[in-house]
Amino acid sequence: MKTVVFAYHDMGCLGIEALLAAGYEISAIFTHTDNPGEKAFYGSVAHLAAERDIPVYAPDNVNHPLWVERIAQLSPEVIFSFYYRHLICDEIFQLAPAGAFNLHGSLLPKYRGRAPLNWVLVNGETETGVTLHRMVKRADAGAIVAQLRVAIAPDDIAITLHHKLCHAARQLLEQTLPAIKHGNILEIAQRENEATCFGRRTPDDSFLEWHKPASVLHNMVRAVADPWPGAFSYVGNQKFTVWSSRVHPHASKAQPGSVISVAPLLIACGDGALEIVTGQAGDGITMQGSQLAQMLGLVQGSRLNSQPACTARRRTRVLILGVNGFIGNHLTERLLREDHYEVYGLDIGSDAISRFLNHPHFHFVEGDISIHSEWIEYHVKKCDVVLPLVAIATPIEYTRNPLRVFELDFEENLRIIRYCVKYRKRIIFPSTSEVYGMCSDKYFDEDHSNLIVGPVNKPRWIYSVSKQLLDRVIWAYGEKEGLQFTLFLPFNWMGPRLDNLNAARIGSSRAITQLILNLVEGSPIKLIDGGKQKRCFTDIRDGIEALYRIIENAGNRCDGEIINIGNPENEASIEELGEMLLASFEKHPLRHHFPPFAGFRVVESSCYYGKGYQDVEHRKPSIRNAHRCLDWEPKIDMQETIDETLDFFLRTVDLTDKPS
């Protein structure tokens, strides 16, 4: 049976050996070039392929049409992936009549995503395993073909568990590959309600936070022990690595991070104490704990910290242009909840942010970005992270004021992008789900979906193409001039403070605010073209949490990434949104203050928006990049969002002249 294999690491090597032993004909192997910054303790797939006289390739992008065509020419009957680090596109899966299968290092559906070996140890699991599953477009989500369980012993560290998993994988493949070859397999669908997903880990993720329980810190040490980069902490500005540890149920009133004793080297934690058994100062040699204490100059009562002392004091400065807007004011609230951000904001109004104006770490100037260019340039230079959130983003304005949309959304933002390039500042840019346009994919994917818009004589697309061109400019600056960036695409975020009822009165608001105004005023809810268009509605709290994680950028995982932020489970038509909103309105305690419901009215889009409008039938995001980069998934049900949004707006209405 002819196969093409995607493989890396020890699992890749043993997978190839298992295929050959089972009588498969391997036409080609795709692997990766080794990362010079990574400690290579594992077998080389490239070397094995060369020894077995099998063609081997390591393209930067195996999903490029040229590589897809070359794989098609190999006519594989089945495809296998063994720890290949990049997602493989659906077009490649479809080349093999028998399908594609992936070996994953966990008991799926638990621990989908990256680094499951390390994550199960970080989380203190007592069992994991290996899974062979059918590959589908969503990573690690296909039907399970076979699994083997692996017990995790209390003294297991990453390398010992790795060896256990390799042994289990070898057994699993020996049992399963002949059955796949003969088409004799039983597949079991994964239980989505049990799925968990974890993202990529980097060395910077392994710092020891001493306020946590000693057992949690010990698990971190186990998860990244040699040959992984190791868990680390600081004495002042001196970094040291902890290679092995023990948990002590030491009852101490010492502050977390305090040295309780130096022989043994015992550190107070949020609960209990951690003994550092072996460790290493800087790039030095490994030594036992008491010698390490001497090397670091530690005495009883010394304090350790999770980051260098020189960097622990300075807050990250975040510049938010459009801070009074829907995203801007909610993001400000989230940032100020932490103690390590300084927020600088500019907007033409301050009604939504009035609650922050006296906060010591919030600095606001009222102004227009098209006028206050000097202030903006100075603050781009001064701040660490820039979020240009100013844009006209209401559909009726795209046809009513297309030139103004272009001038503000494109020209003004391009100037800010160039400031970020000039001063080498990180930019987090709000693209839009509108860039996908009339894409026909079931799930809109950041890396593979085509961006399809209508003809030039439909000005409705000026917002979409303005944003898309800015996305491409930012990407090019990142590639050519090293701009540090992340693009995020909100999918129909909604919640309190989304526009306002006055904006809705002139038609310049998003859908839910317009519908609430209709209920408040007793006017018919207008369903444009019947309201059958489907959207995926995302609670503002879910969206802001994802955006906050982009700003945090743990391990720089978000650099150069395009990330959809939406809730694919909250899909509803505009008509369904209206019906859910009406039901919530009818049972609201303030309902008796408002006129009777005036019904639904179907309106043609050309009458409502103008002749230059086109609509999109569906818009559902793939959120695999959000899973991978942010360890994020939305949690809030659409009905809860509707209830809270409605309640917020109803309580802003002056009820003195309403019927009771």
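A Cβ is built for glycine as well, from the same backbone N, Cα and C atoms used for every other residue.
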Matching residue for the NAD(+) site, where Swiss-Prot names Asp368, Ile369 - out of Asp347, Asp351, Asp384: Asp347
Recorded (6R)-10-formyltetrahydrofolate site member, picked from Arg52, Arg114, Arg170, that accompanies His86, Leu87, Ile88, Val136, Lys137, Arg138, Ala139, Asp140 in Swiss-Prot: Arg114
C-alpha spacing of Asp140 ((6R)-10-formyltetrahydrofolate binding site) relative to Asn102 (site 'Transition state stabilizer'), in angstrom: 8
Sequence-distant neighbours of Arg138 ((6R)-10-formyltetrahydrofolate binding site) in its chain (C-beta under 8 A, six or more apart): Ser622, Arg624
Cβ-based isolation winner (fewest other Cβ atoms within 10 Å) among the binding-site residues Ile88, Val136: Val136
Val136 ((6R)-10-formyltetrahydrofolate binding site) and Lys526 (UDP-alpha-D-glucuronate binding site), Cα-Cα, nearest whole angstrom: 40
Among Lys526, Lys532, Arg535, which are binding-site residues, the residue with the most C-beta atoms within 10 angstroms of its C-beta: Arg535
Candidate binding-site residues Val136, Asp140, Ala393, Arg535, pick with smallest Cα gap to Asp368 (NAD(+) binding site): Ala393
Output field, NAD(+) shell: CB within 8 Å of site CB centroid, site Asp347, Asp368, Ile369 dropped: Leu321, Gly322, Leu346, Ile348, Gly367, Ser370, Ile371, His372, Val390
